[in-house]
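Quick look at what TrEMBL lists:
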- 27-48: transmembrane segment (TRANSMEM)
- 41-289: domain 'G-protein coupled receptors family 1 profile' (DOMAIN)
- 60-78: transmembrane segment (TRANSMEM)
- 98-120: transmembrane segment (TRANSMEM)
- 140-158: transmembrane segment (TRANSMEM)
- 199-225: transmembrane segment (TRANSMEM)
- 237-259: transmembrane segment (TRANSMEM)
- 271-291: transmembrane segment (TRANSMEM)
Amino acid sequence: MRSKNTSIEDGFILVGFSDWPQLELTLFAFISIFYSLTLFGNTSIIALSRLDPRLHTPMYFFLCHLSFLDLCYTTSTVPRLLINLSRIDRTISYGGCVAQLFISLALGSTECVLLVVMAFDRYAAVCRPLHYTTIMHPHFCQALAIASWVGGLVNSLIQTGLMMAMPLCGNQLNHFFCEMPVLLKLACEDTGGTEAKMFVARAIILVFPAALIVGSYANIAQAVLKLTSMAGGRKALGTCGSHLLVVCLFYGSAIYAYLQPTSSYSESEGKFAALFYTIITPVLNPLIYTLRNKDVKGAFLKVLGRSRD
């Protein structure tokens, strides 16, 4: 991020929610509780999936990756946000800002691809039940997971590289972490060409996966409508409903934040939208996937029974 303003090399000031000082204490308590629940919920899913053989299936394999992503994503932003809210330090170094930008983009992009993989898994389970175990072979599942991580890293490398090449003016970020739309607001030259390339990259990683997910669920809906058994239809919808809710929560907030033109992006609204996909969605994912899931409840009770013995 070479800039005419050399103070950028010394770091950035994260404004956070200092514009609303009356909210800072409430937000600190709220975010601390949600962060603790995120750590507990997602760690529990990973542990249960490893400990209970009944959960050694493709669905829970990918769910473990999603839980690990949520753990990393929240940890890349929340500790710094809590420090900001406590008014101890509102600054972040130049290197720390670049690292936070790269990590958050990589994890967010990986989740975009991983949700497509999970939609394909549900499509295979509902629409191709007789061939499911053949299609979702463990080696194929591992390849899909690796592809999700590699795709996220490549997208992040491209966008972070383009961002670092932009000249920036000023060192005050009206946000609680170094996020792409806010950094673009600091561009001090006409960077329309570079911004267009970055917008295309963001659109590809958001819109294309979303379209694939919609297509998967359209096929699932057709398969469910053909079922003559009401019980079979409810079971099929139950396997997909939780995933579809996660998709709507994640993509809805991400598309709102990242597919707006820089000129119309509202930093104040962006901060609250970012709270949704960095704080709320990661804590809801374990609840959404396990609240009505008999397998996870059974695994939890089994592990709890062992600990009592």
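Even glycines carry a Cβ here, placed using N, Cα and C.
Here the transmembrane segment (271-291) has long-range neighbours at 16-17, 31, 34-35, 37-38, 41-42, 44-45, 63, 66-67, 70-71, 73-74, 77-78, 108, 174-177, 179, 242-243, 245-246, 249-250, 253-254, 256-257, 297, meaning same-chain residues at least 6 beyond its ends whose C-beta is under 8 angstroms from one of its own.
Put simply, of 27-48, 60-78, 98-120, 199-225, the stretch with the most CB pairs closer than 8 A to the transmembrane segment (140-158) is 98-120.
Between the transmembrane segment (98-120) and the stretches 27-48, 60-78, 199-225, the greatest number of Cβ pairs separated by less than 8 Å involves 60-78.
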